[in-house]
Structure formats: C-alpha cells, structure tokens
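Okay, so here's the structure we're looking at.
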Amino acid sequence: MDKFTSSISDFLISKTLKDTYTETNIENPEHRRKVAYLEAWVSIIGNIVLAIIKFIMGILVNSISLIADAVHTASDVLTSLVVIIGFKLAALPADEEHPHGHGRIEFIATLVISLLLIAVGIKFGFDSYKRLIANTPVAGSYFVVVVMLFAGLFKEWMSRFSIDLGQRISSSTLIADAWHHRTDAIASVLVAIAILASKFGYYWVDAVLGFVVSALIVWTGIEIFRESCSKIIGEYDEEQVKRVNQLALAIPGVIAVHDTSVHDYGANKVVSLHIEVDQGLSVVKAHAIADVVEVSINQYLYTTSTTVHVDWVDNEAQN
C-alpha cells in the first residue's frame, strides 16, 4: 500500500481511535469494529461530497451524464451502511444459541457486498451491450472529462484507503467495500475515455472497454463471494494454525503439538490443540504448562475459548 494512503490511515486512526489503539491490540474486537466504522464513515462522507460536486457541476454545464453519475455515486452509500450494520451485529454478545458470539455476521456482510458487486458488474455488461448495438456517441464536454477523471482518482484513493484498513484488521468486508469503490473509479475513467473516443468517431470503444470491466467486476465479486462462503463454513487457516503451533512449542516442557484447529468468528477465534509433555511430569505440572500455552495463545489471538489437551509421551523413546 502506498505511503500516502498509509500515512492518512495512521493519522485518522491515531486521532479518532486513540482510546483503543496500541501497537499490540490491532486484533482487539472493539478496535476492529471502530476501524470498520472509520472506513464506512469516510466512504459515506466521500461519496456524498463527490455526488454533490457531480450534481452541481452537471447542473452548471447541463450534463445529463454527470447528473446521472451523481445519483449513482450517492447510491454507493448503501455498501458502507452494510459495513456498519454488519460490524454492529457481529459485535452482539454471545448467548445460549451462539456461545462463541455473532462474529461471523461480518462474513455475511461481505457476502452481501459481493452480491452487490456482481450485480453492478452484470449491469455494466448489459449497458455496454446496449451501447454497442446502438453505436451512438457518448455525449459530454471536455469539462465533463476532467470532472470524471478527478472522480476516478478520488474513488481510487478511497479504494486504497479501504484496502489499507482492511489489511490492518484482516477484514474481508472492508476489502470487498474497497473493490466497490474501485469499480466506480474504473467506471468514471471509462466515461472520460468514451467521451474523448466519441469525439474522434470511435463510438465502439466505450462498449468494448465496458465488457472487459464488467467481466473483471463479476469475477472479483464471485471470488469475494467464494472466500466469504468458505469462511462461514469453517475455512482452514494454515497460517494461524502454524502460528499457534509455534507459540505452543516455544513454551518450556512442550515436546510436540498436534490436532490444532482455529475456528474463525470474525474478531474472535476458538482454538483447540493437543500438546505432548514428558510422561514423567505430574498432572499438576503438565496442566500448569497447558495453562501457560493457553495464555500465550490468548495474547496472540482474541479467543472466546482455547482448549489445550495434554498427552503424556515417552520423551526418551522419541529421541
């Protein structure tokens, strides 16, 4: 991620979330939720401001395309509201029916955004097909071209901002919202290219590029949808399992680790593993080691439950 976007993210996080932010609690559920809210509100404000600018400029230059795009930009607030609602519901406390909390609602929010993304891509392709058949020029002045290019750059920055925050808190929901921003950025630039191409008689450029972008958007939406479904049904996270094993093996007295599982509930995790200790250790000492392993894992992951099973083995025979 570029330094400019990261520096803005650092500034906004330090100023707005200073009560929950430290270098060691980036995975804290409360902090993750506030980072998601920050991304959503920046997106909402950015889209509203951009929509107002497009609408006013459209009125001033009597541009139907700018006015229509202003309405489309304003409608993008919907995906940011999905982010807010998703994280709000995911933060609901555990209950009898959901003993590990409601964190996976975050993945459902990602699913919703991915479906919106796919719908946008399909509409993009359908509109491109109609323009190709009609073979009519895309109306617009050079001023409209400048406004659309500016809008594209601004939406690309919003996309990078969302990706940066999403990567910081490992949130597929924010990444999905970022891709929604990116599709708008691409669409704005395509409109500018289409206007310029139309002035030279290349009416087909808009439609052909639209097909390419449509395919990209639909493919991205399907990938995000697939990843979200995988997480909902309990995707195996090799990196987290590897890290949990490393933490356990670093504890004195732990000979080996096996049958490790990490269940992802958004901000919270449920961990279980088996540690092997020397058969000469007493039950009290073995369980004391297990307690240390549990504490170490809980410091790395925000868990609702960590279960450490103890297996006594003949250490000399293994050597």
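Every residue, even glycine, has its Cβ placed from backbone N, Cα and C.
Some features that TrEMBL has for this protein:
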- 41-232: domain 'Cation efflux protein transmembrane' (DOMAIN)
- 237-311: domain 'Cation efflux protein cytoplasmic' (DOMAIN)
- 40-65: transmembrane segment (TRANSMEM)
- 77-95: transmembrane segment (TRANSMEM)
- 107-126: transmembrane segment (TRANSMEM)
- 138-158: transmembrane segment (TRANSMEM)
- 203-222: transmembrane segment (TRANSMEM)
Highest-contact recorded stretch vs the transmembrane segment (40-65), from 77-95, 107-126, 138-158, 203-222, CB pairs under 8 Å: 138-158
Secondary structure content of the domain 'Cation efflux protein cytoplasmic' (237-311), with strand meaning DSSP E or B: 30 helix, 30 strand, 15 coil
